[in-house]
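Have a look at the structure below, then the notes.
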Amino acid sequence: MIQIYTAKDIQNLTKNYRKEGKTIGFVPTMGFLHEGHMSLVEKARKDNDIVVMSIFVNPMQFGPGEDYEAYPRDIERDRQLAAGSGVDVLFTPEPEEMYGQEPTVTASVKKRTDVLCGRSREGHFDGVATVLTKLFNLTSPTRVYFGMKDAQQVAVVDGLINDFFMDIELIPVETKREEDGLAKSSRNVNLRAEERQEATALYRALQRGAELIRNGERDPEAVKREIRSILEKTSGVIDYADIYSYPDLEIRDPLTGKVIIAVAVQFSKARLIDNIIVDIPADQKEDL
C-alpha cells in the first residue's frame, strides 16, 4: 500500500492509473476505521482495479460546538487496517493541504439539507460537498463508495454528482451493524457502558416504524409517534425522528414510494444516527 500526503502526488498517481486504463474505487473516510468502512473497501476491491481510501477529518463539516477536536483519531491503527483490507493507496492530507490559508470557493448545497442532520448542523453538508468535490478531483474515481448509515449524505452526494455532470458512479453500501443491531460508527467508542446498551433502541425503533408501514400504516405522524415512544425510554436527547421520501427528502403524506425513516439521538458524548429505507409497493399505494 502506498501512503500519500499531498494533493499533487495523489492527483498525479491517479491520473496515471486512469491513463493506463485502470478503474479506481474511492472510499472517503474520516478515519478511526471499523467494519463498516471495511465493507466499503471490500465492495470497492471487487469492482475495481485500484482502491483509494482517504482519511481526512474535515473541519468544514463540523459546526460551532461540535466534536471536531474530540473526533477519534488513530492514524497508525487506520493505516494497518487499510493495508490489511486491500487498499492500494491511502491519502492522508492535513487541513492546510486541502484548504490552504482560506478557501476561495466552497460548495453550497441547495436541496436535501434542510431536514434531518442538516436542520441542526448548519453548513455541515456544504462542508461535505466542498471536501468531496476536492477529493473527487484529486482521486479521479470511477466509482465512489458510501455507507447507507449516512443516508442523507448519500442523497447529497447523488445530487452533487448529477448536478455537476461528474463521470462517477455512486455505490451505496448497506449499513454494517453490531450483533445487537447498533450501526457501527466511529462515535460508538464515546458511549458510556449504560448508553451503549440504550443505543440499541435506535434500530429497534426503526424496525418498529418499518413494520408499521409494511403492515399498511400510511400516516407519517403515527409512525413517528411510535418511534419516539421507544427512543424516549433512553437517557439520550432525541434530535429527530422523521420520515421523508428518498432520495429527495421531501414530506410525503400519505406515505408512498420509497421512504426513509431516520433518527438521531444525542447521548452524553456521542450523537448517533441511523435509518431504514422502506419501499412501498405500487399495489399498496393504490389501496390508499
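Backbone N, Cα and C define each Cβ position, glycine as well.
Per Swiss-Prot, the features are:
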BINDING   30-37, 147-150, 184-187  ATP binding site
ACT_SITE  His37  active site, proton donor
BINDING   Gln61, Gln153  (R)-pantoate binding site
BINDING   Gln61  beta-alanine binding site
Candidates His34, His37, Lys149, Lys184: member of the recorded positions with the richest Cβ shell (10 Å): His37
Whole-number Å value for how far Gln61 ((R)-pantoate binding site) lies from Lys184 (ATP binding site) (Cα to Cα): 20
Residue, out of the binding-site residues Gln61, Gln153, Ser186, whose Cβ gathers the largest set of other Cβ atoms within 10 Å: Gln153
From binding-site residues Met30, His34, Gly147, Lys149, the one whose Cα lies nearest Gln61 ((R)-pantoate binding site): Met30
Intrachain C-beta neighbours of Met30 (ATP binding site), sequence separation six or more, cut-off 8 angstroms: Ile55, Phe56, Val57, Asn58, Tyr71, Ser186
For Gly36 (ATP binding site), nearby residues of its own chain (Cβ under 8 Å, 6 or more apart in sequence): Gly147, Lys149, Thr175, Lys176, Ala183, Lys184, Ser185
Same-chain residues at least 6 apart in sequence whose Cβ lies under 8 Å from Phe32 (ATP binding site): Tyr71, Pro72, Arg73, Asp74, Arg77, Asp78, Ser186, Val189
